[in-house]
Number of protein chains: 4
Amino acid sequence: MTQDSLIIAGKTYSSRLLVGSGKYVDLAQTKAATEASGADIITVAIRRVNIGQDPNAPSLLDVVPQSRYTILPNTAGCYNADDAIYTLQLGRELLGGQNLVKLEVLGDEKTLFPNMPETLKAAEILVKDGFEVMVYCSDDPIQAKMLEDMGCVAIMPLASLIGSGMGILNPWNLSLIIEQTQVPVIVDAGVGTASDAAIAMELGCDGVLMNSAIAHARDPVLMAQAMKWGVQAGRAAHLAGRMNKKFAGIASSPLTGLVV
Amino acid sequence: MTQDSLIIAGKTYSSRLLVGSGKYVDLAQTKAATEASGADIITVAIRRVNIGQDPNAPSLLDVVPQSRYTILPNTAGCYNADDAIYTLQLGRELLGGQNLVKLEVLGDEKTLFPNMPETLKAAEILVKDGFEVMVYCSDDPIQAKMLEDMGCVAIMPLASLIGSGMGILNPWNLSLIIEQTQVPVIVDAGVGTASDAAIAMELGCDGVLMNSAIAHARDPVLMAQAMKWGVQAGRAAHLAGRMNKKFAGIASSPLTGLVV
Amino acid sequence: MTQDSLIIAGKTYSSRLLVGSGKYVDLAQTKAATEASGADIITVAIRRVNIGQDPNAPSLLDVVPQSRYTILPNTAGCYNADDAIYTLQLGRELLGGQNLVKLEVLGDEKTLFPNMPETLKAAEILVKDGFEVMVYCSDDPIQAKMLEDMGCVAIMPLASLIGSGMGILNPWNLSLIIEQTQVPVIVDAGVGTASDAAIAMELGCDGVLMNSAIAHARDPVLMAQAMKWGVQAGRAAHLAGRMNKKFAGIASSPLTGLVV
Amino acid sequence: MTQDSLIIAGKTYSSRLLVGSGKYVDLAQTKAATEASGADIITVAIRRVNIGQDPNAPSLLDVVPQSRYTILPNTAGCYNADDAIYTLQLGRELLGGQNLVKLEVLGDEKTLFPNMPETLKAAEILVKDGFEVMVYCSDDPIQAKMLEDMGCVAIMPLASLIGSGMGILNPWNLSLIIEQTQVPVIVDAGVGTASDAAIAMELGCDGVLMNSAIAHARDPVLMAQAMKWGVQAGRAAHLAGRMNKKFAGIASSPLTGLVV
């Protein structure tokens, strides 16, 4: 398992768990939960979290330093391509020219389901502008392929609605995406507990991104640890090749040859 | 998490994963997978596996020594109370008077579903005879309670048929048992992959016992590691208290107060 | 489909939907819903419903007459074999010596899960006493077989807890019972809506018994009609032989030979 | 229930089951199954089925006459907007100027999943050209809303892949669409058996369209009847308002006031 690393846009990461940085009660909790998660990549909602936009306020980077983590700017709160593109340009600037970003263009405030036409539009422009685009999307395999063909560096389908904790509602669509995709597939949104993360990895996902499931647990730091193990468990089970399911309940050893 | 130990019949175990010792290709694999699992308690089918019955054959205890593991004799292959009782008496003798045993009385060879009337009968006699009985049973909460009331030291409901790898077919019945039971509840049979183990622990089980899921994986040693993580993940998630599921997909942060 | 009848203890019934008579707001609703259901067999909780025990109170038989329906006395509210046996002896007497009865011995008031040891005990005594016993039971295939072997005339496993409306929680166990049983298998308890009834029938059940799902619907009479259709739909689908599920999504017709 | 009709583009239909006309072994079976289904609307793949394109071959309209059925031309086999538009123009011409059509633009031959960008493009052009567009789509609520806002007269999300018979894989997305949509929502694709149809209707769909589930059953005519009942059952259950699910298994009647 030592060489089983996640590679995104040519860079290697040791953890397959990516975490958000919002929704915590304070920066101390952010720091503790982030460390417990073992994550290398931390997403930051540029429109909501201070990483230098306000030089007089505490910065997330004080507790999640760039020296240790890859900070991944995201476009949470953007409902059209233009806002998303502008937000990521700002993020790139704040992070010293970093091209790796996470694009999400939302459809409405109620569901936070992706707006796929605007996502496709923004992705195309961003890729041409040199961004390495990790992209939040629906679990539609056809549009996921379009995003990959455009040059996105990671396909990030939802498992269920952002913040819902409902788990993987349609593993079949996810499987179609995993099967066809050459770049990493990272489940983004919907994971609610450790077994959800394990299931995503067992299906063959390359990683899982979450925020609410950790931040909204009763004990976020312990849940971060649980998620770390959940992702490791699912990844190892995927690589180990699970036993076949068999309904008939056949006795596992023949009755001939009993010792007693 | 350091003090989160499993206590059965007054004895403390650090791992909540219990593993079988059958179905491996050879003793070397048994040893490697058992070690990778991190398990403290190893079950042994007294009617099938040599732990001294045949002094001239290799013994399981050579690779799974009693100095390191708790060897738990079980009655796999027994279809009535008498056979089960006789088998456990033999197991006790082979293990130097150890009272801790696992009782399973099976209903038929096709399903290996427990025969509950014979299980109840055997459990009563064994408890009176001084055994500490961990008991394989159906997920019937009423009969599980009867077994607990008799003095069984662990209630071990099936998740699905032995050797089926179907996972937890009825989490509701399992929940009823967990809610009412004062001694450890350990899912026994049916786990197929790491997420199944995690789910069992998230539901509130105290442990999981498995054999086929490890031994019949493509890479049993790696799967044993996956299962170790799966149990840890599920236990930590249970203790951490998962977020509530909420379908409506409410935006996690208010749109007021955006930084950008 | 015309000859597709349900035969219990040698008697033929045209409907595969059996309904309870409790939980309605009044006898007028009982009458209307019962008629809409198309049921032939109506169960009556002898301990709760008046069918002559109190000659001065309105009788269920006024609206659900024996001339049109088979009245099936049941032992709802009984928690041991003795009470159940006594109750059914009373029922037989009230119904002019009718031997067809439904036995249910409950485990506790909270879950209403069957008490299987007491059920087995009562069934054995009742069968010997000449009763034709339709028996409510868990979905344990081994104990279901014991009940059949004793001479019960219908095996009636729960789909989920009485009054829960949770649907069929473990279709696998139900399938095992259906496969092995020579007398009718009738799902009893847990159906919540029409698709639940259809699923039970598609699995191969011979009938479905329900009460709460009809009586506790917003419009019981309309739900009774829905259940009638649901049972018919599921039965017809079972007989028609459903298409195989195939995940790969193969195009249904070859692209060669397009008309346009 | 008498006035519970399906209204599409201002026209009223008595049946909520819509059926395809392909995949049958011959026209006699087409006729018998179509009649048994009770459907009013029959879809026809203009690129595959002869309804006059070839005046010398047998026409579907001989067994499914326009005097009795609404023939709904569809674009099965089209993978881009242009082909779909051309095909529906041909269909309109063949059907004497009928504007009601079903649009489906597929993403690839393996999955037959919709190509949503091309679907949106085609729908916009067709609506402007005076067509009344019923549109096959993914279960993405945001894009479903775009199609409704364009003026499509029915939204037809897949339950699962065309021809898969997998049932409703994501009832949650379907619910979001149902909740927000003012025109009829008709599940199109994926239904495999009668209970699937019932579930779709219970969720609040206005209708169900299927083809393989009937044509590929062992007995298509009987399955057509089953589907008719399944849709009726689900619709009635939806209108009747099902009981709430309650896990705790509370006894339905108080134990006080027992008659016996």
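In case you wondered, yes, glycine gets a Cβ from its N, Cα and C as well.
Residues annotated as active site, schiff-base intermediate with DXP in TrEMBL: C:Lys102. In three-state terms derived from DSSP, C:Lys102 (active site, schiff-base intermediate with DXP) belongs to an extended strand segment.
Annotation source TrEMBL lists 1-deoxy-D-xylulose 5-phosphate binding site at C:Gly163, C:Ala189, C:Gly190, C:Asn211, C:Ser212. Neighbour count (other Cβ atoms within 10 Å of the Cβ, all protein chains): 25 for C:Asn211 (1-deoxy-D-xylulose 5-phosphate binding site).
Annotated domain 'Thiazole synthase ThiG' per TrEMBL: C:8-254, in sequence order. On the 0 to 100 pLDDT scale, the domain 'Thiazole synthase ThiG' (C:8-254) averages 93 in the predicted structure.
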Near chain D - the recorded positions C:Lys102, C:Ala189, C:Gly190, filtered by Cβ distance under 8 Å: none
Euclidean distance between Cα atoms of C:Lys102 (active site, schiff-base intermediate with DXP) and C:Ala189 (1-deoxy-D-xylulose 5-phosphate binding site), Å: 13
Separation of alpha carbons, C:Lys102 (active site, schiff-base intermediate with DXP) and C:Gly163 (1-deoxy-D-xylulose 5-phosphate binding site) (Å): 17
Sequence-distant neighbours of C:Gly190 (1-deoxy-D-xylulose 5-phosphate binding site) in its chain (C-beta under 8 A, six or more apart): C:Leu158, C:Ala159, C:Ser160, C:Leu161, C:Ile162, C:Ser164, C:Gly165, C:Met166, C:Gly167, C:Ile168, C:Leu169, C:Asp196
Maximal Cα-Cα distance (Å) across residues annotated as binding 1-deoxy-D-xylulose 5-phosphate, namely C:Gly163, C:Ala189, C:Gly190, C:Asn211, C:Ser212: 9
Euclidean distance between Cα atoms of C:Lys102 (active site, schiff-base intermediate with DXP) and C:Asn211 (1-deoxy-D-xylulose 5-phosphate binding site), Å: 14
Rounded distance in angstrom between the Cα atoms of C:Lys102 (active site, schiff-base intermediate with DXP) and C:Ser212 (1-deoxy-D-xylulose 5-phosphate binding site): 17
Per-residue Cβ crowding (10 Å cut-off), top of recorded positions C:Lys102, C:Gly163, C:Ser212: C:Lys102
